[in-house]
Amino acid sequence: MTQGKLSVNNKPPSSEGQGDKKDTATAPPAPPSYEEATAGEGMKSGTFPAPPAAPLHPSWAYVDPSTSPSYGSGGYPGDTELLTTFSWDDRNVRRVFIRKVYAILMIQLLVTVVIVAFFTFCEPVKGYIQTHSAWYWASYAVFFVTYLILACCSGPRRYFPWNLILLSIFTLSMAYLTAMLSSYYNTKSVLLCLGITALVCLSVTIFSFQSKFDFTSYQGVLFVLLMVLFLGGLVLAVILPYQYVPWLHAIYALLGAGIFTMFLALDTQMLMGNRRYSLSPEEYIFGALNIYLDIIYIFSFFLQFFGSSQE
């Protein structure tokens, strides 16, 4: 009599010996352990490693795993689809970010207008700044250094209160440069250019919020135009001191106003989000800095185009 073979594992009997069922007895499968039952059918806990976490960006908020996932912003070819909730897509985050940027911008513009008005309407101050050019070069140096720090270093422009301190110094220096430029034009020209700048900036802002045209996709084109403007300024700096050409200066001023008007639309759309490129909600200082510079440059070029110099 042949001794029966007992199988104590869960593996089903092999096909060999199927015809000898009378001689071979098979034990029933053992019940699953607690770990197997809680981990799922046929899968032991700890058998498979946990899936790797999606790479996080500093501007992404914490996502509760129990919430339903949604795709990140983008939608353009080549963008990585991450199953995570991107904080910039939250309307509340966007509204708070935009309000913060425009609140800072309004304070900057208010300080600049006050300083420009003081230097324009006060004749002794106007005469003093025109005869002491050292203050101009000192303000220009401060403006250049603070701009490089805020534009190139993410640390200082994100950490409170250093970001506000640097932005305040930058605003005061830029306001002084704008006021000194305004002092060489008569009061009516300054007021006229202030009004034109306000209307243009308001129109561009409304257009940027309502239009579906994406200016952020044409940053390369705007950069080329900016380089053309820069080289044109160098040429004028050499030519105009020897022979002033009014029509050439007017073309340069009109070109500069047009280019920075497009930059204003670009920077405004980068605040809004839902474009190809957008600013992180942490970059409210950088957003205010860009729009402030756009408005100041638009005013300066309008002043050169429409303004009448002092007698």
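Every residue, even glycine, has its Cβ placed from backbone N, Cα and C.
The annotation region 'Disordered' is assigned in TrEMBL to 1-48.
Residues annotated as compositional bias 'Polar residues' in TrEMBL: 1-17.
Feature annotation from TrEMBL assigns transmembrane segment to 101-121 (among others).
Here TrEMBL flags 133-152 (among others) as transmembrane segment. Distant neighbours of the transmembrane segment (133-152): 163, 166-167, 169-170, 173-174, 176-177, 180, 285-286, 289; these residues of the same chain sit at least 6 beyond its ends, with a Cβ under 8 Å from one of its Cβ atoms.
If you look up TrEMBL, you'll see 164-183 (among others) marked as transmembrane segment. Here the transmembrane segment (164-183) has long-range neighbours at 104, 108, 111-112, 115-116, 118-120, 126, 129-130, 135-136, 139-140, 142-143, 146-147, 149-150, 156-157, 190, 285, 288-289, 292-293, 296, 299-300, 303, 310, meaning same-chain residues at least 6 beyond its ends whose C-beta is under 8 angstroms from one of its own.
The transmembrane segment annotation in TrEMBL covers 189-209 (among others).
Look at TrEMBL and you will find 221-244 (among others) tagged as transmembrane segment. A Cβ distance under 8 Å defines the sequence-distant neighbours of the transmembrane segment (221-244), meaning residues of its chain 6+ beyond its ends; these are 215, 252, 255-256, 259, 262-263, 266.
If you look up TrEMBL, you'll see 250-272 (among others) marked as transmembrane segment.
According to TrEMBL, the feature transmembrane segment maps to 284-306 (among others). Among residues of the same chain six or more beyond the transmembrane segment (284-306), those with a C-beta under 8 A of the stretch's C-beta atoms are 97, 100-102, 104-105, 108-109, 112, 147, 150-151, 157-158, 163-164, 167, 170-171, 174, 178, 181-182, 185, 189-190, 192-194, 196-197, 200-201, 249-250, 252-254, 256-257, 260-261, 263-264, 267-268, 270-271.
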